[in-house]
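This report refers to the structure that appears directly beneath it.
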């Protein structure tokens, strides 16, 4: 005999599909209920949604077969009710079967056989949290109903959607209830039982509207049409039940509720089910829809759909529980065990120090287990700073970029003093090269600072997660290594300064890589020749008339009263020497005629000459000085600079100095590029790596500090206890899933979640007879 051949009141007694699957999920719900709002794993369940007074409560009571829910004209369900229906075995002696309820908030859990008491407990628990004046809360109530007359189903009865606030309800009560409902039904693991009354337009159903928001394709929504017996005359719900109005993948089921008069008359649900069957048989319009009509068919459909829904979700459910178990176990491990003995605390502190130092050393050496593959880290960053930042920056510097030709010529002239130099002096070269060497100090010190900053970053990265439970120890370790790194930075910077000063103190021109003077002169001459520097053009006052200078010779030129350049220094006027004044001019010389022309003019030139030749020398000289006025010198300017033009010899000297500077600077630069990283590695990096463990032992591993360092904050103890409880619950849930038999392969494979499922494969919609093949597999 098939299920369809049974009377409606007996349909619930049929052995349900997945009789071991739903109890497992119910057990998981009980397990995760211990976590309360902390539970992040959504279990398969059926959420009942509908507007206020849509008949939700009547449907649930019909599924249970007993009156147990609060009743009234106003909103009755003010907290979510997690309802687990558990089928028990019928009594073997033919006596009355026991039915009872258990509330999960009771500790210890006790059986309640009086369903009126169950109703009162629901009301009391609702008032305890939501208040007595129609307040609403999202904290669920857990209730189990044990009966041989039910199928294994897990439901969540949600508050009805209301429009107008009453009592203490806020003005936005509708929005709050809708938000609460969506938090449940938005989960893909939740089936939606959308309850809509038949005496209202289905297109305006609040239940279908909110279900459509969470399940727009209708893949996990079951429609329930209530109050079919009070529809207007001449109307029926056949098109609704066939899904022609609003299609749903899981279809619709129509039911007849008890009226308010039936409830007041204490009409039993058993009698109501008989009346419901009689109603459908008396309505020819509903013929051929027996698998879509009545509470027994609804119970069977819910059972079948829920079982297959659970089967489809089991793999992902196991995966989520395992992932949560792994993450929670790792978190609990990070909190560590409670160590109260002094010896145990000392060993724990020593283990922290050792682990930290090993992590620090491994990170520097590139042996860390947590090495990044997306970016450079640890010692690789230090090498990058040495090669790609420090060395590259020094190689890009031109030692002569801030030295002009005038700077070099001025240095050469200053080095010669009052004498003219026959060769390029070495003093200006040393002065200039020292100045360029000193420029290497700042980038070298900056390189050491960069490495220090990298070591500080590494020290922070090596802080183990276990240290979070000891904030005092973590802070002290951070302080110790910070001070220790600074202590290593100081000698490394001092060594860098010494290296630069050593290079400045001794200019080794005998270095085998130094260009040398001979080669420098050759290159300088070639450079000057190729540049074709024109000869300097003398200013007008520096020029002597050709006819007066033709026979004077070089001696007359160098002793001319006219303006000249002495040792490259510009002077403003010519000054005669005593020798010039006393020495007679050679025959044919024009010096004196030039000298007299400056002071006496050209008209008296011949007379003055004859007069001088006819007088004795002493008389002539005395007369000359008597006739000449006193000559006053201009004071030299405060700052003297080289002339704007320079000779070919000066160009060669400048070019030689530049070549010598570049050659020796390259030697020093290479020395600095090699020695500065070595100094930093020796005094800072390797020193801290070698001595860090000893420093921690010296600074922290003290008997009078251990207890203070290993003191846990109060909130950490709370976290450890909560995590331990979560771990226990997840382990229990994992063991519960392991108890699940291989029934997943024994149910119909037609039910799928997603767009691949087809309407014609729905269980309980076309074929309801259960057949078993030779392999023991079930087919619907």
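Here, residue 1 is simply the first one shown, and the rest follow in order.
Cβ atoms here come from the backbone N, Cα and C positions, even for glycine.
Looking at 513-535, 536-558, 605-627, 628-650, the stretch flagged in Swiss-Prot as region 'Disordered' turns out to be 536-558. Swiss-Prot lists region 'G4 motif' for one of the ranges 218-221, 222-225, 226-229, namely 226-229. One residue stands out among the binding-site residues 161, 228 for having the most other Cβ atoms within 10 Å of its Cβ: 228.
Between the region 'G3 motif' (157-160) and the stretches 50-57, 226-229, 256-259, the greatest number of Cβ pairs separated by less than 8 Å involves 50-57. Look at residue 50 (GTP binding site): DSSP puts it in a strand.
Around the Cβ of residue 158 (GTP binding site), the number of neighbouring Cβ atoms within 10 Å comes to 25. For residue 50 (GTP binding site), the count of additional Cβ atoms within 10 Å of its Cβ stands at 30 [all protein chains shown]. If you take the C-beta of residue 56 (GTP binding site) and look for same-chain residues 6 or more apart in sequence within under 8 angstroms, you find 48, 49, 50, 77, 157, 160, 195.
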